[in-house]
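Some features that TrEMBL has for this protein:
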{"type": "DOMAIN", "residues": "12-141", "note": "domain 'Nudix hydrolase'"}
{"type": "BINDING", "residues": "34, 39, 45, 46, 47, 48, 130", "note": "8-oxo-dGTP binding site"}
{"type": "BINDING", "residues": "48, 68", "note": "Mg(2+) binding site"}
Ligand SMILES: Nc1nc2c([nH]c(=O)n2[C@H]2C[C@H](O)[C@@H](COP(=O)(O)OP(=O)(O)OP(=O)(O)O)O2)c(=O)[nH]1
Ligand SMILES: [Mg+2]
């Protein structure tokens, strides 16, 4: 339990929890099964547990992992934090990625253990609060937003170079012309490189072979429910904590938030700064990319401020670009 204050909501329900995504050399993740009698019993879980009063989450993580698995965490990187309200309890999950640890994991409390790939995680039953953690594990650190295509040929050539440079998630952003042949060619090219593509064309019904859509903040505010089923992704552009909250309520998969910095093309727009970005991520219940003046060199800063990584046109497109997003 966290520290309690007498005259506020009953604190009995608010629990800070430190969890570990422990990876082995094959990039598999360690999961355990919760005892049937526990809160959210019988479901699979990430190892970890409740912070003691006043205990920093990272200390709680090391302690819980030693107690539950008998291994020593050498280094842990923040992945995501999820505030979540169950009917009987409110939790705040602080999730860390652990690639550097020593010892041989054992179920010290008799709990069954399994090593699984990120794809296999999708097929296991976890507590409801874990959905955004799975998404954070599936999403890359860089999210390319394409500039408005000039010619199809030069656009596809540049997109191919971006993919060859390791981009694995693409937003096809078309605000002017939307030629179906170019959209299909881009989808095919992205899939040939094993990457995913989301369409930002104003339509809520993308072609069946697209991996999902990316919404504007204006579209977000008109929606009553998530526009696509769970097997297709829905990203959204947000500028305020209120928009992020709405994206979380609708169960969208991730958001981009900006502008974090002043950009060349919009020098007058008030930027959030990294502190504003971090404050907004604090209460978000979905992975959040930083947008606005970002380059791959900013990934570490974005992550240390609670973000999933960076989203950019100019910073990730292998050709000079005039436009910039806010
Ligand atoms: N360990 C764990 N807890 C989770 C996950 N997802 C989720 O919502 N929770 C919730 C369930 C519990 O309300 C809380 C953590 O509980 P816990 O049972 O692991 O706590 P603990 O290790 O300190 O156990 P105990 O001392 O109460 O026996 O967080 C998850 O992936 N792993
Ligand atoms: Mg536990």
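All positions are counted from 1 along the displayed chain.
Note that Cβ sites are derived from N, Cα and C of the backbone, with glycine treated the same way.
Shown here: features listed in TrEMBL, placed on the structure.
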{"residue": "34", "record": "8-oxo-dGTP binding site", "CB count, 10 Å": "17"}
{"residue": "39", "record": "8-oxo-dGTP binding site", "CB count, 10 Å": "13"}
{"residue": "45", "record": "8-oxo-dGTP binding site", "CB count, 10 Å": "20"}
{"residue": "46", "record": "8-oxo-dGTP binding site", "CB count, 10 Å": "22"}
{"residue": "47", "record": "8-oxo-dGTP binding site", "CB count, 10 Å": "24"}
{"residue": "48", "record": "8-oxo-dGTP binding site", "CB count, 10 Å": "25"}
{"residue": "68", "record": "Mg(2+) binding site", "CB count, 10 Å": "21"}
{"residue": "130", "record": "8-oxo-dGTP binding site", "CB count, 10 Å": "22"}
Whole-number Å value for how far residue 68 (Mg(2+) binding site) lies from residue 130 (8-oxo-dGTP binding site) (Cα to Cα): 19
Secondary structure of residue 45 (8-oxo-dGTP binding site) (DSSP, helix/strand/coil): strand
Stretch-averaged pLDDT - the domain 'Nudix hydrolase' (12-141): 95
Whole-number Å value for how far residue 68 (Mg(2+) binding site) lies from residue 45 (8-oxo-dGTP binding site) (Cα to Cα): 12
For the domain 'Nudix hydrolase' (12-141), the number of residues DSSP places in helix, strand and coil: 30 helix, 53 strand, 47 coil
Rounded Cα-Cα span from residue 68 (Mg(2+) binding site) to residue 47 (8-oxo-dGTP binding site), Å: 7
